[in-house]
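J.: Structure provided below as structure tokens; questions to follow.
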Amino acid sequence: GGGGADPLLPAEGGGDRRAPFLLRALRIAVVVCLYWFTSIAMVFLNKYLLDSPSLRLDAPLFVTFFQCALTAALCLGLSLGAACGPPCAGLPTLRLDPKVSRSVLPLSAVFIGMVTSNNLCLKHVGVAFYNVGRSLTTVFNVLLSYLLLKQTTSLYALLACGVIIGGFWLGVDQEGAEGTLSWTGIFFGILASLCVSLNAIYTKKVLPVVDGSIWRLTFYNNINACVLFFPLMVLLGEFRTLYHFDKLGSPSFWGMMTLGGVFGFAIGYVTGLQIKFTSPLTHNVSGTAKACAQTVLAVIYFEETKSFLWWTSNLMVLGGSFAYTWVKGLEMRKVQEDPNVRSGERNDTGV
């Protein structure tokens with residue numbers, strides 16, 4: 001749509017033109033801060049649950065399973081609350097339909113791969129390196145768009161991807177030089193990048209099955225994930241680990257687990273909010289800046305000293321991601337302004 005009205009807010013009628021702008025700017029600032037806080041807090045919390053020397057719990061699948069179960073329960077709770085109280089827009093009544101559940105299953109498999117590999121990457125690498133460790137999502141986006149959707153990518157966007165890959169390799173090299181390299185963490189980081197990219201593609205495919213409702217999709221995804229995690233946890237002997245875990249009766253442990261689950265649930269919501277109040281491209285820029293802040297915070301918090309080349313690798317990954325987003329933004333503007341561009345190129349949001 002090429003209208004002049006701002007799609008972020010309901011149209012403001014007449015009056016002082018400055019107030020709506022200030023309100024809009026304030027709203028965007030609050031949403032972006034909310035996204036940053038939730039996202040960074042979740043990473044640090046998960047690092048504690050997955051790899052804290054004081055906790056010593058080696059059950060990454062259980063931590064992920066618990067978060068999925070809590071997300072499904074929160075979805076159901078909010079849906080029931082909305083059904084009882086005043087009707088709440090965007091919250092559909094949730095009930096489990098086995099047919100829909102089966103249709104969502106391929107996405108749920110990718111979703112499980114995504115959340116598990118994310119957590120396993122975080123378990124094996126430091127929070128400071130976590131962003132570089134799973135920085136190849138953009139590269140996989142380009143690759144999968146070409147292989148699955150037959151969408152080509154411009155030279156500038158490919159150059160930006162080249163910078164990201166360079167930054168990734170330099171980061172791996174520097175972690176090795178500092179003696180903190182975990183190949184397991186790198187493997188899960190690459191897998192997480194691939195799954196995040198696949199997840200975006202499958203989500204687009206599966207959304208019509210749930211009438212385009214992200215809430216419904218979240219609910220089914222997490223229910224399916226809980227069912228699929230059970231045999232995996234049995235296979236990997238995590239129930240035995242939990243049986244011998246000394247803090248299983250500790251309220252503070254369950255408090256942290258619940259908090260992690262709440263943040264896991266909230267991140268989906270605040271991501272949606274940020275995209276709604278800005279745009280997919282601005283969301284990417286915000287995510288890139290957030291990753292930068294997260295890295296700096298982690299280095300300060302864990303009192304780490306990093307080499308100049310290590311910081312360079314981070315800057316390359318962040319710069320490449322930002323450049324890719326910027327190039328995509330320019331291309332989209334061109335597409336919107338030129339009605340002759342094939343509609344096939346129009347649906348690439350550069351997520």
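From the backbone N, Cα and C atoms, a Cβ is placed for every residue, glycine too.
Predicted automatically and left uncurated, TrEMBL annotations should be read as such.
According to TrEMBL, the feature transmembrane segment maps to 25-49, 61-83, 104-122, 128-148, 155-172, 184-202, 214-233, 253-273, 308-327. Positions annotated as domain 'Sugar phosphate transporter' by TrEMBL: 27-324.
Help me picture where these features are in the structure shown.
T.: Remote same-chain residues near the transmembrane segment (25-49) are listed as 8-9, 55, 57, 63, 119, 122, 127, 130, 256-257, 259-260, 263-264, 266-267, 270-271, 273-274, 277-278, 286-287, 290, 293-294, 297-298, 301 (criterion: CB distance under 8 Å, separation of at least six residues from the stretch ends).
This prediction places the mean pLDDT of the domain 'Sugar phosphate transporter' (27-324) at 93.
Residues of the same chain lying 6 or more positions beyond the ends of the transmembrane segment (61-83) and with a Cβ under 8 Å from any Cβ of it are 46, 49-50, 91-94, 115-116, 119, 215, 218-219, 222-223, 225-226, 229-230, 232-233, 236, 238, 241-242, 257-258, 260-262, 264-265, 268.
Outside the transmembrane segment (104-122) by six or more residues, the chain places 43, 46-47, 50-51, 60-61, 63-64, 67-68, 130, 133-134, 184-185, 188-189, 191-192, 195-196, 198-199, 202-203, 205-206, 209-210, 217, 220-221, 224-225, 228-229 with a CB less than 8 A from a CB of the stretch.
Remote same-chain residues near the transmembrane segment (155-172) are listed as 129, 132-133, 135-136, 138-139, 142, 181, 186, 309-310, 312-321, 323-324, 327-328, 331 (criterion: CB distance under 8 Å, separation of at least six residues from the stretch ends).
Tertiary proximity for the transmembrane segment (184-202) is limited to same-chain residues at least six positions away from its ends with a CB under 8 Å from its CB atoms, namely 106-107, 110-111, 113-114, 117-118, 120-121, 123-125, 129-130, 133-137, 139-141, 143-144, 148-149, 172, 351.
Remote same-chain partners of the transmembrane segment (308-327), defined as residues 6 or more beyond its termini with a Cβ less than 8 Å from a stretch Cβ, comprise 131-132, 135, 138, 154, 156-157, 159-164, 166-168, 170-171, 173-175, 177-178, 281, 284-285, 288, 291-292, 295, 350.
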